[in-house]
Amino acid sequence: MTKYDGKGESRKFDPNFKGPIHNRGCTDILCCILFILALLGYFAVGIIAWSQGDPRKVIYPTDSRGQFCGQAGTPLEKKPLLFYFNILKCASPLVLLEFQCPTTQLCVESCPNRHLTLIKAKVGNKDDQEYYKKYCKEGVDFTGLSPPEILKEGLCPAMLMPSKAFTRRCLPALATLKGGVVVVGNETTFDDGNSGTVNASDVLEASKKSNIAVEARQVAMRIFEDYTHSWHWILLGLVIAMVVSLIFIVLLRFLAGIMVWIMIILVILVIGYGIFHCYMEFASLKGEPGADVTIRDLGLQTDFSVYLQIRQTWLAFMIILAIVEFIIILLLIFLRKRIMIAIALIKEASRAVGHVMSSLFYPLLTFALLAVVIAYWAITAVFLSTSNEQVYKVFNTSVCPFSRETCNPKTFNSSNASLVCPDAECLFAFYGGETLYHKYLILFQFYNVFLFFWCANFVTALGQVTLSGAFASYYWAFKKPEDIPAYPIFSSLGRALRYHTGSLAFGSLILSLVQVIRVLLEYLDHKLKGAQNKFAKFLLSCLKCCFWCLEKCIKFLNRNAYIMIAIYGKNFCTAARDAFFLLMRNIIRVAVLDKVTDFLLFLGKLLIVGIVGIFSFFFFSGRIKAVEQAAPSLNYYWVPILTVVVGSYLIAHGFFSVYAMCVDTLFLCFLEDLERNDGSQERPYFMSQDLLTLLKKSNEDYKSMD
């Protein structure tokens with residue numbers, strides 16, 4: 001019986017319907033053509049970027065003449081570091097990294113390791129002179145010219161100071177002694193080479209951000225060192241996570257009901273142990289010197305193990321875990337009846353995955369395609385960002401009307417600017433350009449970002465349609481597995497590519513537009529961080545929240561629309577409308593049952609991550625006596641632990657994403673089954689006997705539902 005209640009028309013019984021329709025036509029052809037044209041344009045942008053770009057600009061620093069330091073096959077091959085004549089003119093390392101420091105820049109073999117002025121080098125011994133000449137321009141007559149002449153021509157720096165290489169650039173070797181005394185190479189003051197002195201604190205002030213960068217570099221180097229010592233153990237942990245995930249999936253196939261309850265109990269126990277462990281650490285630090293210091297008082301520390309020595313850290317961990325535990329137990333109590341139906345759905349999904357085992361390997365194809373999309377986007381972005389030309393500007397020490405104007409280094413010495421400003425130099429400033437290509441470069445970069453989102457969403461959509469088509473073939477097979485078509489994954493993939501490329505492109509285009517808007521909002525938020533306009537910040541926060549919610553809604557609707565496309569072969573808008581009305585007619589089941597299954601699958605991922613995470617914690621922290629000697633010595637033992645935990649979650653998510661898609665597909669088919677059929681001999685249900693029993697229905701006599 002057909003009914004209409006303002007939420008769309010219920011499905012009518014169709015005796016010929018046997019699952020995904022094979023006689024279908026192409027859908028959303030215009031969007032398919034648009035997508036193909038966009039891809040051709042994307043390839044054209046890539047070709048233009050590859051022909052114009054030069055990644056060496058990212059890899060190698062550039063001297064004042066625009067030459068790359070350390071590039072193989074050039075005269076500067078053995079000079080990989082960039083040296084600045086007067087580092088005090090550089091306000092911050094951001095200026096250095098953007099090649100805009102207003103001082104002569106030179107490629108050198110190594111950074112200066114001691115303080116020396118030009119005057120001292122001139123009157124010093126031969127070793128001092130040879131050492132100083134390393135940091136002068138080539139061809140300088142060091143012995144024939146006087147110091148004022150050398151400085152006037154800008155041939156050598158006025159002084160050298162101890163420096164260290166950072167991002168292939170020589171930056172002052174800043175350090176802080178006890179009492180806050182700032183030193184450069186163990187000296188607090190030194191001669192600047194111009195009859196004056198420079199305090200080390202002045203250098204620190206001039207390159208304050210450089211000091212922060214050095215701190216960050218130290219942390220990064222320690223983390224990198226930890227990875228070099230523990231990478232094989234991290235790899236072993238990820239392999240264990242994959243094995244545990246695979247075992248869990250196999251056990252779900254045969255013991256779905258028992259496994260779900262075991263999973264629920266184990267998650268509660270794992271989180272409970274976490275609470276207990278945090279309490280024991282909290283209690284053990286009682287009375288310890290410095291353990292009562294608050295995190296706020298401690299501030300930001302590069303040695304993160306310090307935080308584990310204060311009680312407040314463990315108290316915070318304990319409270320967070322206790323809240324999570326309370327929420328999980330509360331949900332289990334209130335949703336205990338729906339959990340039984342959800343377990344039946346998971347059992348059915350286990351049977352479906354068991355009969356379509358190739359579905360477990362399909363995420364590898366999705367991962368490979370996404371890797372290609374990400375790699376193409378990243379390479380194109382690098383070439384686009386390095387496709388600018390070298391721009392030279394006039395730099396001077398005295399008043400000059402031509403200051404910061406564009407110049408040509410080849411003709412500068414004979415130009416009017418050189419005559420008016422004798423002390424001015426034409427130095428490499430940055431990469432830019434005035435051609436038509438450079439004017440529209442920002443549009444090419446935006447197009448690269450937009451097509452990245454579109455292609456990535458298309459690959460995800462292709463995977464969802466392929467899997468849902470295969471699992472729908474399983475559900476609508478009345479006699480399982482006899483009526484399941486051969487090679488359901490390949491058949492579904494072929495249908496998706498042959499008939500529905502346009503529909504997938506349409507759905508992914510809508511999602512991509514919202515994601516690009518979110519990226520633009522994040523960019524604006526970053527630009528307005530220093531602004532004082534409270535209303536603008538509030539409005540931007542509201543917009544970010546709204547578009548985040550919109551993206552989640554579109555993802556949910558797209559996912560269900562793709563299921564309907566895989567089954568009925570309709571265009572995107574029709575499929576999205578049918579899916580939406582079908583869900584609205586069963587809003588209670590959608591709000592509770594479907595989300596309960598998602599919650600149970602999330603607990604499965606949480607369990608795998610918890611098991612692997614706990615074992616990795618005890619191993620890397622050296623708390624397992626049996627393997628204490630095998631554990632590597634690390635600066636931060638949380639580095640491999642965090643890597644294993646994140647990697648384990650991604651691996652578990654890869655396996656469980658197949659289950660999630662299977663559950664969503666079976667759930668929509670289950671809702672359609674209830675509308676199409678009534679359990680009579682003419683209109684039997686296609687659902688499993690477990691679901692029939694839970695819903696108090698049968699295929700012999702029809703009983704009114706709910």
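Glycine too: its Cβ is placed from the backbone N, Cα and C atoms.
Annotation comment: TrEMBL describes 29-50 (among others) as transmembrane segment. Listed as Cβ neighbours of the transmembrane segment (29-50) (distance under 8 Å, sequence separation of 6 or more from its ends, same chain) are residues 376, 379-380, 383-384, 387, 437, 444, 447-448, 451, 454-455, 458, 501-503, 505-506, 509, 572.
Remote same-chain residues near the transmembrane segment (231-251) are listed as 259, 353, 360, 604, 607-609, 611-612, 615-616, 619-620, 632, 640, 643-644, 647-648, 651-652, 654-656, 659 (criterion: CB distance under 8 Å, separation of at least six residues from the stretch ends). According to TrEMBL, the transmembrane segment annotation covers 231-251 (among others).
As annotated by TrEMBL, transmembrane segment applies to 258-276 (among others). Residues of the same chain lying 6 or more positions beyond the ends of the transmembrane segment (258-276) and with a Cβ under 8 Å from any Cβ of it are 248, 251-252, 317-318, 321-322, 324-325, 328-329, 332, 339, 343, 346, 600, 603-604, 606-607, 610-611, 614.
Per TrEMBL, the feature transmembrane segment maps to 314-335 (among others).
Beyond the ends of the transmembrane segment (356-379), by six or more residues, the same chain brings 46, 249, 448-449, 451-452, 455-456, 459-460, 462-463, 466-467, 470-471, 474, 484, 487-490, 654-655, 657-658, 662 to within a C-beta distance below 8 angstroms of the stretch. Positions annotated as transmembrane segment by TrEMBL: 356-379 (among others).
Marked as transmembrane segment by TrEMBL: 451-478 (among others).
Look at TrEMBL and you will find 599-622 (among others) tagged as transmembrane segment. Under 8 Å from some Cβ of the transmembrane segment (599-622) lie the Cβ atoms of residues 230, 233, 237, 240-241, 244-245, 248, 260, 263-264, 266-267, 270-271, 273-274, 328, 331, 335, 339, 342-343, 346, 628, 631-632, 634, 637, 640-641, 644-645, 648-649, 652-653, 656, 659-660, 663, all in the same chain and six or more residues away from its ends.
Residues 222-223, 225-227, 229-230, 233-234, 237-238, 241-242, 245, 303-305, 604-605, 608-609, 612-613, 616-617, 620-622 of the same chain sit 6 or more residues outside the transmembrane segment (634-652) yet have a Cβ under 8 Å from a Cβ within it. The feature transmembrane segment is assigned by TrEMBL to 634-652 (among others).
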Residues of the parent chain within Cβ reach of the transmembrane segment (451-478), under 8 Å, 6 or more residues beyond its termini:
17-20, 35, 38-39, 41-42, 348-349, 351-352, 355-356, 359, 362-363, 365-366, 369-370, 373-374, 377, 484-485, 488-489, 491-493, 495-497, 500, 504-505, 507-509, 511-512, 515-516, 558-559, 562-563, 565-567, 658, 661-662, 664-666, 669-670, 673, 684, 686-687
